[in-house]
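First the structure, in the form of structure tokens, and then the observations on it.
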Amino acid sequence: MVRFTSFTSPFSAILLLSFGINKVATASTNTCVVAKSDSDDAITILEAFEKCKTGGTVVFPKDSTYNLNSIVTTSGLKNVNINLAGTINLPVREESYRNGDYYIQIKGTNIKMYGGGTINGNGQAWWDALDRTAPSVLRIAANDSSFGNFNIINSPRAHLNVTNSTNLLLHDFIIHTVSNNSNPAKNTDALDLYHSSGVIFRDSDLTIGDDCLAVKENVTKVTVSNITCRGGHGYSIGSLGMGGRRDFVTQVNVYNSTCIDCQNGVRVKTWAGGKGFVEDINFTDIYLEKAENPIIITTHYCDKNEMGYCNNNYETSLDIAGVHFKNIHGSGSDKGKPIINLNCSTESPCSDVTLTNINISKASNNTKNVCVNLKGSDKIPECSS
């Protein structure tokens, strides 16, 4: 049951996104406080969204806890505020959720989600079962919208999955997903981006088991800043081109961010045989601490969970051009990997790749830097060290 009230706000709340002047959320005319259900709080959550889907505010009150036993799918939201001040617990692992896309979907235009609350993914059972088929926690498909100032913990897979979105601000997240035993929290990306344009991700603290950022197929105009990531797989473009797919990523700027004890630091990864292009990528002012692979481009990425798409055709992949690494500093790990590993394809070599002011301390066993099929590598000092 939803407690439903009406009021007239004296003003409109307008958020000016730094990539434009788009309005995010407007004055609400209705407030829907999500009630508790006797069986499945997904039912009352959906009821609240239905009543307040146009010009309303959906409220999860502070100190309230909601337990889901089914998927929450919203669509057609317009001018909606979501005040998540309470806690949402996702379902425990069940066969019916395997290979699902998401647990919660928020879809619409001019949405603002905030509140300081928490979504708990209950991921431990998935990690203990070594099951990597869990859904993402939160899928966002939204235009001219803002999501932030709430927490996501114990995600069974990706925390934030953004698709088919434009002019989107993601900010002030605390994301914390760590296993309580020896079974690692694998495939728990903080943010996956697909088919989107004009996305800002900033001012967030991440402790995860996979990519801090994964900019995937058909994405353009992304800005990432002031992120601290711990224990993850770094800031990644890709993976792209799996199974010969045609993908593109352009105009991505990642700056003023940190990766501590990360497997990778800053990375571009594409599959052999993939088609499309990657261009205008900038990693600037990045601090890496004990990164196993601090700076890496690979055009023959292979995920051992997708071996059917792995092949030995290293001759072609996506065209990679205009990737710039600037002011990257910190330290490499003692795993014996090269500090810089730029390994491109024979028939589609990388071009216009620059390394400027790279200052990453080596361990005693770091191997020589790698620059393969990289146009202009003879003019890059790091390629000869």
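Positions of Cβ are set from backbone N, Cα and C atoms, glycine also.
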(Q) In Swiss-Prot's disulfide listing, Cys350 is paired with one of Cys344, Cys371. Which one? (A) Cys344
Q) By a simple count of other Cβ atoms within 10 Å, which of Asn164, Asn180, Asn218, Asn343, the glycosylation sites in the record, is least packed? A) Asn180
Q) What is the nearest of the glycosylation sites Asn180, Asn226, Asn343 to Asn143 (N-linked glycosylation site), using the Cα of each? A) Asn226
Q | Cβ contacts the repeat 'PbH1 4' (278-299)/the repeat 'PbH1 1' (165-195), at least three under 8 Å, sequence gap 6 or more | A | no
Q: Sort the residues of the repeat 'PbH1 5' (350-376) into helix, strand and coil with DSSP and give the three counts.
A: 0 helix, 16 strand, 11 coil
Q: Output the single range from 165-195, 249-270, 350-376 maximising the number of Cβ pairs under 8 Å to the repeat 'PbH1 2' (219-241).
A: 249-270
